[in-house]
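Engineer: Submitted below is the structure of interest, expressed as structure tokens.
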Amino acid sequence: MTALAETGSEPVLTAPARIAPRPFGLVRHSLALAKRSVLKTLRTPEQLLDVTLQPIVFVLVYVYLLGGAISGSTEEYLQFLLPAIMVQTVMFAGMATGVNLNTDIGKGVFDRFRSLPIGRSAPLIGSVAGDLIRYVVAIASLLAFGAVMGFRFHTGAVEVLAACLLTVFFAFCLSWAFVLIGMLMRSPGAVQGTAFLILFPLTFGTSMIAPKETMPGWLQSWVDVNPVAQLMDASRALMLGGQLGNDVLWVLVWSVGFLVVFAPLAVGAYRRRT
Amino acid sequence: MVWAFEAEGLVKRYGKTTALAGIDLRAERGAVLGVLGPNGAGKTTAVRILATLLRPDAGRAAVGGLDVVKDAAKVRRLIGLTGQYASVDEDLTGTQNLVLIGQLLDLRTSDAKARAAELLAGFGLSEAAGKQVKTYSGGMRRRLDLAASLVGRPDVIYLDEPTTGLDPAKREDVWTMVRALANDGVTVLLTTQYLEEADALADTISVIDHGKVIANGSPGELKRVVGGQTVLVRPSDPAHLDAAGAIVAAVAGRKVESPARGVLTVPVDGDAAFTEIVQRLARDRIPVTELSLRLPSLDEVFFTLTGHHTKEDAA
């Protein structure tokens with residue numbers, strides 16, 4: 001510690017210079033924290049297994065187990081499945097944000113964030129925004145694997161990009177609900193359990209793995225109002241062509257609704273939780 | 001006068017548990033306040049209130065004259081916190097950790113990088129700057145943690161048990177840093193379970209138990225109350241225990257305790273008593289396997305101040 005001994009005469013450690021606050025603090029702080037989250041993800045690639053390998057397993061299971069029965073051939077079923085399962089994949093990635101935050105906020109580093117002169121919501125916004133990288137990885141690996149299996153787009157790059165962006169935006173907004181659960185629950189396991197209770201009716205109460213017409217009437221009514229089903233239909237229309245309808249508009253309305261309701265609730269729960 | 005920080009009558013309850021039962025703590029600018037107490041005494045709770053992480057149920061606390069509840073945002077510009085557990089990010093490198101904190105403190109990125117490099121050099125971490133913190137040793141983590149709380153050049157720094165879990169050599173490192181901080185005029189609140197540590201670093205020591213301050217004063221004053229030092233004697237032959245006990249009691253003029261089988265301890269006021277005990281044991285030909293002079297342990301301080309041991313409280 002010789003270096004430190006010298007600091008007595010030459011104050012490296014501290015000096016009275018006060019740092020002046022700069023404008024747009026919340027945006028800058030959230031971005032800095034989002035970068036932290038991205039760096040952490042890239043440094044621990046095993047954390048990306050759930051958005052790379054897991055969706056591929058789902059695709060393989062559905063396509064080879066159900067493809068023949070539902071569409072007559074696995075190739076045709078892949079066309080039907082992939083735009084929809086992309087939605088499920090990204091939503092699951094959004095759930096992981098809530099689970100991870102539940103573990104993270106117990107750690108000392110969040111105490112430090114709370115002792116810094118930054119907005120109370122910045123660490124949450126940073127984590128949720130930083131996890132957008134996971135969505136991108138999820139979509140990229142799923143579409144690449146789909147292409148290898150024989151999936152082909154029937155529309156242009158703009159439409160495909162629109163489908164991806166719409167999915168990411170929806171999952172980002174909905175992930176605030178999982179962040180809220182993450183703030184309210186005691187353990188990551190409890191977060192995951194509760195989140196699945198919400199995710200299953202949302203992702204499986206859709207035409208993701210089978211056409212709606214084959215379902216009983218009550219289930220069809222649910223599919224009609226389920227925003228995830230609308231998002232999957234929009235994604236199919238944007239990737240394969242066909243009638244787009246009002247789905248995009250409704251998905252955007254639902255997304256903003258989720259964001260406006262759950263983001264403030266999640267931030268409030270984070271403030272109360274010490 | 002304006003205290004660097006000041007807490008008055010702080011109360012904090014968790015359900016039926018009272019963590020703080022009206023605690024007063026204060027320190028002048030540039031002073032080191034040692035808060036000494038066993039596990040569960042309320043040390044961490046008090047620090048968390050002073051660091052704006054917790055709201056008190058009653059009482060008030062201020063840093064630089066600013067209320068920690070009403071002016072929390074301003075207070076956060078004045079303080080640095082190093083928690084009981086390393087509050088740095090394991091997956092990031094040392095540099096990334098410090099740059100992030102600089103950015104959160106509104107430094108421009110280039111300034112944040114310069115400040116990070118300066119602190120890493122000051123704490124002997126330049127070589128490890130680009131490595132992930134998870135590869136650091138315990139001592140390196142503590143140093144980085146301390147560096148992290150200094151990025152914003154705080155007026156007041158809270159060190160919550162900064163040496164718990166460190167080996168003695170690393171503990172000395174941390175002590176050197178704390179002294180360097182005090183020399184630079186930073187006010188330090190240090191919590192510890194070791195009287196030795198508080199004695200080595202603090203200008204004032206507040207002893208707390210069950211969320212209350214039970215003694216307050218300079219290390220010298222405190223040692224006068226609890227007996228400056230303790231003599232420990234372990235006769236080679238347990239048959240000599242009574243004889244040795246009589247000598248020790250006569251010299252110290254205090255009641256002798258037996259904290260373990262075959263061991264006698266007694267508080268003494270100075271080195272002279274120790275020398276006399278040594279001479280009398282030699283004169284009566286009582287061989288010993290252990291004979292030492294040391295500062296009283298926290299448990300002994302507590303026994304003297306409260307009449308009960310810390311371990312009973314912890315249970």
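The backbone N, Cα and C atoms fix where each Cβ goes, and this holds for glycine too.
Just so you know, TrEMBL annotations never went through curation; they're auto-generated.
Per TrEMBL, domain 'ABC transmembrane type-2' is recorded for A:46-273. Taken from TrEMBL, the feature transmembrane segment applies to A:48-65, A:77-101, A:122-148, A:160-181, A:193-210, A:248-270.
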Engineer: Could you name the stretch, out of A:77-101, A:160-181, A:248-270, with the greatest number of CB pairs under 8 A to the transmembrane segment (A:193-210)?
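Structural biologist: Between the candidates A:77-101, A:160-181, A:248-270, the best contact partner of the transmembrane segment (A:193-210) is A:77-101.
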Engineer: Out of A:48-65, A:77-101, A:122-148, A:160-181, what stretch is closest in contact terms to the transmembrane segment (A:248-270), meaning most Cβ pairs under 8 angstroms?
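Structural biologist: Answer, by Cβ pair count: A:160-181.
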Engineer: Checking distant contacts: for the transmembrane segment (A:122-148), what same-chain residues at least six beyond its ends satisfy Cβ-Cβ under 8 A?
Structural biologist: 26, 29-38, 40-42, 48, 51-52, 55-56, 59, 78, 82, 85-86, 89-90, 93-94, 96-97, 100-101, 104-105, 110, 113-114, 164, 167-168, 171-172, 175-176, 179, 266-267, 270
Engineer: Counting only residues 6 or more past its boundaries, what in the same chain has a CB within less than 8 Å of a CB in the transmembrane segment (A:77-101)?
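Structural biologist: Result: 47, 50-51, 54-55, 58-59, 62-63, 66-68, 70-71, 124, 127-128, 131, 134-135, 138-139, 142-143, 146, 149-152, 163-164, 167-168, 170-172, 174-175, 177-183, 188, 191-192, 195-196, 199, 202-203, 206-209, 228, 231-232, 235-236, 238-240.
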